[in-house]
């Protein structure tokens with residue numbers, strides 16, 4: 001007969017006892033996103049390209065040691081050689097240095113305008129979602145009115161009114177761009193406020209500050225980062241178009257758009273004047289676009305197909 | 001439905017009124033308008049006479065009332081300052097057909113080519129075609145249309161590769177049809193970004209409906225691949241495509257601002273830019289209103305189309 005010893009009542013699989021123990025290291029959302037981004041080689045490459053472009057825009061203008069500001073008609077339209085690496089323009093200025101200086105301005109405008117757009121849009125959208133009711137309706141109507149004119153036209157009018165210069169240009173580029181951010185933030189906050197985990201959180205006694213800090217901001221932040229990354233190429237486009245049309249910047253200030261405009265005038269005889277700014281602009285936008293796509297995949301795995 | 005459209009039309013009128021008012025007051029804040037530089041060298045008495053003629057001696061509010069009155073009675077914002085005797089409406093007749101033709105060509109090429117490429121990419125997903133289209137679209141998205149038009153003008157016009165004219169536009173009898181050699185490059189330049197955008201959009205939205213259960217059902221009941229794609233997938237994936245239509249029209253309008261400049265096309269965009277650069281206030285005001293009207297109408301049409309394409313959406317059915 002079998003005796004009833006304790007040994008016979010032991011579980012066959014001991015490891016089931018610690019099934020609910022966290023074995024793997026705890027990875028935060030941002031660590032996870034960074035891990036996913038690291039897997040995307042193309043995005044990393046574009047990030048490297050952007051860093052190189054950024055560094056070059058800082059040190060590039062001084063690199064060849066040639067003047068790019070004063071006019072020296074004796075050496076105008078030189079072909080590329082060892083002194084002037086990309087030749088000189090129609091006023092005898094070193095094209096290599098000008099290229100990086102123009103890039104610096106384009107990057108500067110794009111990042112500042114994108115930051116402003118995001119900040120304004122977030123505040124506006126959050127206020128709309130928070131106050132709701134009549135205020136929401138009125139603020140939404142303002143957004144709709146702004147959206148019923150093509151944004152470049154609004155930008156043009158603002159520039160006509162304010163005149164040319166750095167600050168008017170920045171202001172004009174931001175004036176319509178923020179509406180999309182505002183709508184997105186409003187929609188996201190309204191959606192989150194109805195979500196169950198936030199209800200659960202407040203039911204468990206979380207204060208408003210805690211809900212905002214722990215749930216609303218983290219869940220909106222990735223969208224905002226994405227919004228900023230995707231808007232930078234658009235702002236670069238707009239700035240280029242405005243500078244190309246000769247609206248926005250006051251000479252001697254110049255950007256890639258100004259160089260393109262000068263390039264178009266010289267393109268029949270000196271194609272390099274058009275080609276180099278074009279290539280640089282495409283490279284810049286391409287890098288921003290690929291990085292933006294990579295960020296989208298990394299920040300929101302649900303969006304991946 | 002009719003009630004909904006009427007309500008939307010009323011809303012549109014309010015929006016347009018707000019836009020006109022805002023633009024008017026913004027523009028009247030400019031310290032020096034085209035008039036001041038134009039009459040700077042004339043004797044004082046003539047100066048005051050000209051200022052009186054354009055009504056700039058009156059206060060802003062009065063000018064606003066006069067402008068609005070003129071708008072309602074004559075449907076115009078007044079004479080151009082730079083070219084006396086010309087009004088916006090007069091120019092519209094000559095310049096609008098040019099821009100319309102360019103826009104239609106761009107939309108036709110961009111949207112059809114984009115959708116076709118998107119369908120191919122979705123049908124042959126994972127293949128080389130798919131990857132090729134994906135990479136191509138990425139490049140096209142990243143090339144500003146401005147750069148594309150400049151490069152096309154440099155390398156495809158005037159005999160380098162193709163014998164196409166650098167600038168210009170068909171006139172007279174050829175205004176609507178004919179003179180294609182002038183229109184090819186501007187059309188391609190303007191439609192590249194749409195090809196890229198629509199191919200990506202079509203692909204994503206088709207993949208979404210391919211993974212839906214109704215597609216599975218269609219496949220289970222033995223429909224051919226062609227029937228599935230034609231009757232179920234494409235129809236359902238057109239909804240997001242319709243929604244981006246207004247942004248396409250807005251994109252075409254903004255595109256015309258610089259493409260017409262690059263190729264010296266005598267259309268609305270170039271006219272507007274010239275007015276902006278010359279600070280020709282009546283024309284800028286009229287142009288802005290004109291662009292706003294087009295955008296607002298497009299938005300309305302899109303909303304109505306929504307209901308037709310997707311019967312699940314009931315428009316005008318309150319919140």
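Note that the numbers count up from 1, one per residue, in the order the chain is shown.
Each Cβ is built from the backbone N, Cα and C atoms, and glycine gets one as well.
For A:103-292, the entry in TrEMBL reads domain 'ABC transmembrane type-1'.
Sequence-distant contacts of the transmembrane segment (A:42-63) (same chain, at least 6 residues past either end, Cβ-Cβ under 8 Å): 96-101, 103-104, 107, 280, 283-284, 286-288, 290-291, 293-295, 297-298. Residues annotated as transmembrane segment in TrEMBL: A:42-63 (among others).
Under the heading transmembrane segment, TrEMBL lists A:107-131 (among others).
Look at TrEMBL and you will find A:151-176 (among others) tagged as transmembrane segment. Long-range contacts of the transmembrane segment (A:151-176) within the same chain, counting only residues at least 6 positions beyond its ends with a Cβ under 8 Å from a Cβ of the stretch, are 109, 112-113, 116-117, 120, 235, 238-239, 241-242, 247-250, 253.
According to TrEMBL, the feature transmembrane segment maps to A:242-262 (among others).
Within its own chain, the transmembrane segment (A:274-292) is flanked in space by residues 42-43, 45-47, 49-50, 53, 86, 95, 99, 102-103, 106-107, 226, 229-230, 232-233, 236-237, 240, 256, 259-260, 263-264, 266-267, which lie at least six positions past its ends and keep a Cβ under 8 Å from the stretch. Residues or ranges marked as transmembrane segment in TrEMBL: A:274-292 (among others).
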> By a Cβ-Cβ criterion of under 8 Å, what residues six or more beyond either terminus of the transmembrane segment (A:242-262) are in contact with it?
Replying inline: 69, 89-90, 98-99, 101-103, 105-106, 109, 152, 155-156, 159-160, 164-166, 168-169, 172, 273-274, 277-278, 280-281, 284
